[in-house]
Amino acid sequence: SKFLQSDTYKANSAGDRIVISEFGTLALPDPCKSIFERFMSRFEPPTMTDNTSVNFVQYKGDYYMSTETNFMNKVDIETLERTEKVDWSKFVAVNGATAHPHYDPDGTAYNMGNTYGPRGSCYNIIRVPPKKKEPGETIHGAQVVCSIASSEKMKPSYYHSFGMTKNYIVFVEQPPKMKLWKIITSKIRGKSFADGISWEPQYNTRFHVVDKHTGQPLPGVYYSKPFLTYHQINAFEDQGCIVIDLCCEDDGRSLDIYQLQNLRKAGEELDQVYKAKAKSFSRRFVLPLDISVGAPEGENLRPLPYSSASVVKQGDREIWCSPENLHQEDLEEEGGIEFPQINYGRFNGKKYSFFYGCGFRHLVGDSLIKVDVVNKTLRVWREEGYYPSEPVFVPVPGADEEDSGAILSVVITPNQ
């Protein structure tokens, strides 16, 4: 393992300070500048970070390190050295993209990214071809297949991932809002990007469903109560419905919890920080693809016999969705679960039985958990004083069973 040699990393190292601002960290002023020069520097356009530390992703057979800005870093998978910096905005009209794309079996990749303009903001579904036409290509041929207008023009939702089935993209527009004016003026005000994101539970959560082949949104308007989700677990189609499983928090202020000043606390003060954080739990939502005109309003339509997730028609196209909990009380004792992973190669977009994640009895993950979503049972690995990273499932080649494989996780401890 090694630190990615990004331009931001090199600039910060050379300056021995934070030169380029990050999501929650404002760049420090150059100590060699005069007071006037420091003041005027606040009005200079901020440099976008290329510290792409969220995820390894793959496009056209090449590996990239990605975050949520417009930059990705292509890496040599053998040496982990950066070979090229790629800018999404040079290929498609977006201001960034998620670090959690999805893939069709043929290698076609789908991602999402935002655009901001005088008419408001849009959430864009991006498709990247599976193969290169010319050697040296990166994401050439990427195109926007659908643009979804934000419900609030100047306050688009923050999102970290999205769902995909065989035929549909599912985008969750949720109450954590990005106040664009605060973000635009953050440098002038001496604030970080994160200062422009706020939890606004007066807004319900909305599910947007888009046919990924035609780029057409489905006419149904699916709503649920306010919640925050960072990671979708899986999504699939069954009996005329889309089933989407998510890790959900009922209070979306966790971005505020993970501030450095909170993480530096100890003892009772740190315990209070942990207690203030909403726990993340696995939930299942069912979105019927077709609700007949004659369907009764105000009644639970029970679209899937094996799921307690409810669907209530509230108007001609409006549908209220309440989730099924994919857990019992024992997951609450584990502090909830996050960073979900499945046997992706065989079961993404398909009906499945298992997922894996980290339990959070502390502010950082302290256990690895296997969840049986059919029987709602858990298997837990934990050792006192050891803190595992997001699990990675590696299947046994040619195995028939869904859970035949190994879990890889980087486990750290302050004790050794």
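The chain as shown is numbered from 1 upward.
Backbone N, Cα and C atoms are what each Cβ position is placed from, and that goes for glycine too.
Just so you know, TrEMBL annotations never went through curation; they're auto-generated.
Since this is a predicted model, take the numbers as computed values, not measurements.
Lifted from TrEMBL, the feature list:
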type: BINDING; residues: His100, His160, His231; note: Fe cation binding site
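The secondary structure of His231 (Fe cation binding site), as reduced to three states from DSSP, is extended strand. Taking the Cβ of His160 (Fe cation binding site) as reference, residues of its chain lying under 8 Å away and at least six apart in sequence are, in sequence order, Glu68, Thr98, Ala99, His100, Thr229, Tyr230, His231. Neighbouring residues of the recorded Fe cation site, listed in sequence order and excluding His100, His160, His231, comprise Thr98, Ala99, Tyr159, Ser161, Phe162, Tyr230, Gln232 (Cβ within 8 Å of the Cβ centroid).
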